[in-house]
Amino acid sequence: MLTISLILLPIIAGLITLTTKGENTKKVAAAFAFAELALGLFIYGSFVPDATTQFATSFDWIHSAGIKFSVGIDGISLILVCLTTLMVPFIILSTYGNDYKNAPTFYALILFMQAALIGVFTARDIFLFYFFFEAALIPVYFIAAIWGGENRIKVTFKFFVYTIFGSLFMLLALVYLYLQTPGIAHKSDFASIYEAAKMLDITQQSYIFGAFFIAFAIKMPLFPFHTWQPDTYVEAPTAGTMLLSGIMLKMGTYGLIRFVLPIVPAAVDKYGMIAVILSVIGIVYGSIIAIQQKDMKRLIAYSSFAHVGLMSAGIFSGNIDGIQGALIQMLAHGINVVGLFFIVEIIQQRTNSRELARLGGITQTTPNLTVYFIILMLGSVALPLTNGFVGEFLLLKGVYAYNAWVGAIAGLTIILGAVYMLRMVQKSMFGITSKITEGFTDLTFSEKAVLFPLSFMVIALGLAPNMFLKLTEPAVIQLLSIIK
Amino acid sequence: MNAIIALSLFGISSLFLGFLNNRKILLPATLIFILIALGLNFADWNHEYFWFNGMLKTDNLSINFSTVILVAALLVVAISRHFGDDEEHSHPAEYYAIMLFSVVGAIMMVTYENLIMLFVGLEILSVSMYVLTGSDKRNLRSNEAALKYFLMGSFATGILLFGVALVYGATGSFQIHGIGAAVNEAKAQMGGQYGPILMAGTILIMVGLLFKISAAPFHFWTPDVYDGAPTIFTAFMSTVVKTAGVAATYRLLSTSFPGMYGLWGNPLVYITGLTLIIGNITAVYQQSFKRMLAYSSISHAGYLLITVLAKRPETNSSILFYSLAYSIATISAFAVLIVVSEAKAKAGKADESFDALNGLAKNNPFLAFVLTVSMLSLAGIPLTAGFFGKFFIFTDAFANPSILFKGLLVIAILMSAIGIYYYFKPIIAAYMRNGDTEKIEISPIYKYTLILTTALTIILGIAPDLVKKLF
């Protein structure tokens with residue numbers, strides 16, 4: 001029941017938000033998002049660290065087809081539920097400086113999006129998963145397409161069609177798996193599907209792998225399916241970008257862990273190398289482009305593309321370090337990228353510019369902003385004692401164990417990451433004050449209310465990663481036992 | 001069965017209602033007529049009866065199809081509020097009567113047991129539609145559409161009738177079950193070698209029916225006719241007529257000719273693939289919203305044909321669910337088009353292109369929302385009924401082991417992705433483009449109908465079992 005309320009609360013909150021007016025809208029939306037966070041923390045607190053699915057609820061959805069509305073949380077889901085419930089309140093708080101037209105719809109869409117995301121991460125039935133996977137796209141499409149920048153119509157449309165196109169292939173794979181379950185009345189819960197998947201031969205597995213790979217590779221995105229991403233991130237309003245990069249791209253990595261590894265292990269064994277190589281190309285390619293960016297938002301978009309490449313390489317390496325690293329990195333990357341996009345938003349609001357060449361010298365008037373920016377940046381660069389370090393270290397260890405050469409190239413991410421991140425901070429914050437950065441005011445209270453908790457989490461997760469790694473470990477070990 | 005008799009009587013009575021001075025009574029009266037017919041329709045539930053010496057046969061499947069048809073007719077009549085306001089249609093009673101008669105024809109097409117009744121039902125429906133298409137008497141395009149529809153339609157009916165005669169010659173029966181038995185006997189005796197007369201007859205009947213549901217390559221009349229007809233009747237055509245045509249095809253193929261699947265199966269797979277490709281690709285290039293919906297109706301005929309072909313026990317409920325989801329969403333879309341184009345016409349800028357929808361979200365957020373839900377449903381995106389319609393159809397198709405079917409499925413998936421492209425054009429126009437700021441007002445009955453269709457689309461998209469269980 002707890003999981004269901006986790007999904008229902010944002011929906012109800014969204015509907016209530018739609019009826020509010022004026023300043024109240026933001027407050028109501030934030031209040032509900034924090035209530036959801038409290039619920040999420042409660043689940044985190046009462047989660048027993050073993051491999052079982054907890055807080056499970058299940059009832060008939062489409063009876064004749066054996067499809068159930070089945071939700072529950074295991075270690076892998078938990079980390080993403082935590083990410084979603086943690087990030088959304090801060091995403092809402094980060095919009096306090098803006099006045100959006102039709103604000104009630106805007107905040108309602110964010111909350112609907114949250115419900116769909118929680119649904120994706122807690123679904124225990126393949127069709128329920130697909131249902132939420134696609135449903136999550138609708139609110140974020142409208143957020144980006146209505147409140148976005150100048151080119152929004154074309155860019156967001158490409159994003160929408162591209163991702164749905166990928167998901168349709170996943171639907172094919174899911175229906176195929178569903179029809180493989182025994183009996184006239186097929187079943188579609190995860191356990192039955194995992195069981196049925198054991199009977200697949202390598203040809204069948206290869207087709208299914210292909211279908212899943214297209215869907216998730218577009219979603220994350222991996223090279224060469226990434227062309228929708230930078231434009232969409234840049235054109236979307238910052239809250240939309242945060243949702244997209246902070247949470248939504250994890251739907252792809254989550255799908256890899258949840259479906260691709262346990263369902264088609266033989267195909268992963270056969271074609272995993274291609275996927276890993278594509279991921280590593282993404283890391284290097286994304287980083288090199290990020291180094292040359294002039295626009296801060298675009299720079300972070302490419303850095304996000306590079307980071308997700310490492311996560312996917314870790315997952316495809318198929319060992320415990322790779323998967324554990326990917327899980328902790330999903331959380332860490334979510335925190336860092338939301339924080340960084342918020343800082344870009346702050347700078348843009350004050351100066352009307354995101355161009356590195358026009359900025360500079362902001363530090364002189366803004367000690368607070370500088371500290372938070374540097375903490376978040378270091379988290380993203382994966383300096384020891386920050387959250388990024390734990391994830392990247394485990395990921396690189398996993399990829400290295402899979403193949404030393406690939407691991408070595410993937411290791412470039414740390415060097416290249418430091419180059420583009422430090423370059424961004426240096427060009428925007430240090431140096432001589434430019435015309436537009438004169439009189440740059442320091443953080444307001446509501447901005448601190450977002451950046452302080454995020455920076456705190458960067459360090460806390462870096463110091464005590466075990467508070468999450470312990471919880472995910474049993475589930476990951478069980479997952480690996482299915483593969484072997 | 002009582003529904004057929006009752007609707008015929010109601011049709012005549014609504015003609016008499018036209019003599020009354022009070023024209024406002026027509027719309028509610030027609031709605032009540034259809035509601036009564038909908039109630040009577042269920043009288044035969046769970047009883048299989050032959051009627052009129054075996055001319056018609058009611059069973060649960062036919063009753064379900066009649067229900068979908070009646071619901072669609074009810075919704076179309078409900079959005080005909082503005083119709084008859086102008087000089088042109090100063091005698092609306094005729095049109096309501098013709099609509100009722102055509103529903104009689106549609107119900108006969110889903111209940112027939114004797115091929116003669118299929119022909120009679122088809123003719124009642126078609127002749128009514130020829131008249132309604134041309135009811136904009138002074139509009140050149142409406143006249144052109146009616147003439148085109150009439151010429152091509154009667155040609156197709158002739159082909160159908162010729163096929164019926166040949167099948168009768170080969171099997172000695174007009175009864176679909178009798179033909180089925182004869183086909184099976186022929187199969188048992190000759191080992192799948194059928195006489196040329198039977199084969200020719202089967203194919204001619206199918207051509208006639210495929211014409212009616214506008215499957216490619218028999219679809220050329222559709223865009224012009226849908227575009228030229230008054231929008232309210234386009235909505236009627238693309239829901240009631242389409243459902244009746246698909247149901248009639250399904251009834252015939254699943255009762256009489258399952259034994260001859262080897263003959264018609266593969267050609268129909270190609271026709272379905274072609275229908276999907278032509279419907280979707282051509283829709284991409286349309287500038288007119290109405291014309292886009294015409295091509296969309298062609299593509300949906302393709303999806304429906306997939307499950308007609310799939311030969312699975314679940315096919316019954318899949319077709320029904322899809323028809324219902326498609327009809328509701330299509331009627332929503334046409335209703336929005338009617339309101340918007342009327343407002344444009346009043347402002348002196350008659351426009352049925354996507355541009356007419358520009359800025360709709362500002363002028364009337366409710367209509368923009370209705371439009372969005374209906375477009376998402378037609379595109380088959382979750383949270384709407386259309387998603388589950390497509391989902392059931394894909395599942396049926398996948399269960400068919402034939403390799404040709406896998407190819408068809410891939411085409412269907414690709415075409416769904418293309419579908420998203422053109423179904424989003426109206427949404428983009430409504431929300432993201434700026435248009436004239438003129439207030440668009442809608443009457444209460446419109447509002448309630450649209451609330452109903454939109455709510456149904458969303459409810460069926462979240463809990464499809466509510467309806468699917470009934471089928």
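Placed from the backbone N, Cα and C atoms, the Cβ positions cover glycine too.
Keep in mind that TrEMBL annotations are predicted by a computer and have not been checked by a curator.
Feature annotation from TrEMBL assigns domain 'NADH:quinone oxidoreductase/Mrp antiporter transmembrane' to A:123-413.
The transmembrane segment feature in TrEMBL is assigned to A:28-48 (among others). Distant neighbours of the transmembrane segment (A:28-48): 2-3, 5-6, 9-10, 12-13, 16-17, 20, 54-55, 73, 75, 78, 81-82, 84-86, 88-89, 92-93, 107-108, 110-111, 114, 471; these residues of the same chain sit at least 6 beyond its ends, with a Cβ under 8 Å from one of its Cβ atoms.
Outside the transmembrane segment (A:69-92), and at least 6 residues removed from its termini, the chain residues within Cβ reach (under 8 Å) are 3-4, 6-7, 10, 26, 29-30, 33-34, 36-37, 39-41, 43-44, 47, 49, 51-61, 107, 110-111, 114, 117-119, 121-125, 128, 189, 239, 242-243, 246-247, 250, 254, 257-258, 327-328, 330-331, 334-335, 338, 342, 450, 453-454, 457, 468, 471-476, 479. Residues annotated as transmembrane segment in TrEMBL: A:69-92 (among others).
For A:104-121 (among others), the entry in TrEMBL reads transmembrane segment. Taking Cβ pairs closer than 8 Å, the transmembrane segment (A:104-121) reaches residues 6-11, 13-15, 17-21, 25-26, 28-29, 32-33, 36, 71, 77, 80-81, 84-85, 88, 91-92, 95, 128-129, 131-133, 135-136, 138-140, 142-143, 146-147, 239, 243, 247-248, 251, 254 in its own chain, all 6 or more past its ends.
The transmembrane segment annotation in TrEMBL covers A:128-147 (among others).
Beyond the ends of the transmembrane segment (A:159-179), by six or more residues, the same chain brings 126-127, 130, 133-134, 137, 141, 144, 186-188, 193, 196-197, 204, 207-208, 210-212, 214-219, 225, 227-229, 231-232, 255, 263 to within a C-beta distance below 8 angstroms of the stretch. For A:159-179 (among others), the entry in TrEMBL reads transmembrane segment.
The annotation transmembrane segment is assigned in TrEMBL to A:207-225 (among others).
Within its own chain, the transmembrane segment (A:271-292) has Cβ neighbours under 8 Å at 206, 209, 213, 217, 222-224, 226, 299, 302-303, 305-306, 308-310, 312-313, 316-318, 399, 402-403, 406, 409-410, 412-413, 416-417, 419-420, 423, counting only residues six or more beyond its boundaries. If you look up TrEMBL, you'll see A:271-292 (among others) marked as transmembrane segment.
Only residues 6 or more beyond the boundaries of the transmembrane segment (A:299-320), in the same chain, are considered here, and those with a CB under 8 A from a CB of the stretch are 217, 220-223, 226, 229-230, 233-234, 241, 245, 249, 252-253, 256-257, 260-261, 265, 268-269, 272, 275-276, 279-287, 289-290, 293, 326, 329-330, 333, 337, 340-341, 344, 356, 380, 391-392, 394-396, 398-399, 401-403, 406, 410, 413, 416-417, 420-421, 424, 473, 476-477, 480, 483. Summarising the annotation, TrEMBL assigns transmembrane segment to A:299-320 (among others).
Sequence-distant neighbours of the transmembrane segment (A:326-348) (same chain, 6+ residues past either end, Cβ-Cβ under 8 Å): 76, 79-80, 82-83, 86-87, 90-91, 94, 97, 238, 241-242, 245-247, 250, 253-254, 257, 296-297, 300, 303-304, 307-308, 310-312, 314-315, 354, 359, 362, 369, 372-373, 376-377, 379-380, 387-388, 390-392, 394-395, 428, 443, 447, 450-451, 454-455, 457-458, 461, 465, 468-469, 472, 476. Residues or ranges marked as transmembrane segment in TrEMBL: A:326-348 (among others).
Counting only same-chain residues 6+ beyond the ends of the transmembrane segment (A:369-390), those with a CB under 8 A from a CB of the stretch are 303, 307, 325, 328-329, 331-333, 335-337, 339-340, 343, 346, 362-363, 414, 417-418, 421-422, 424-425, 429, 442-443, 451-452, 454-455, 457-463, 465, 469. The transmembrane segment feature in TrEMBL is assigned to A:369-390 (among others).
Annotation source TrEMBL lists transmembrane segment at A:402-422 (among others).
Residues or ranges marked as transmembrane segment by TrEMBL: A:449-469 (among others).
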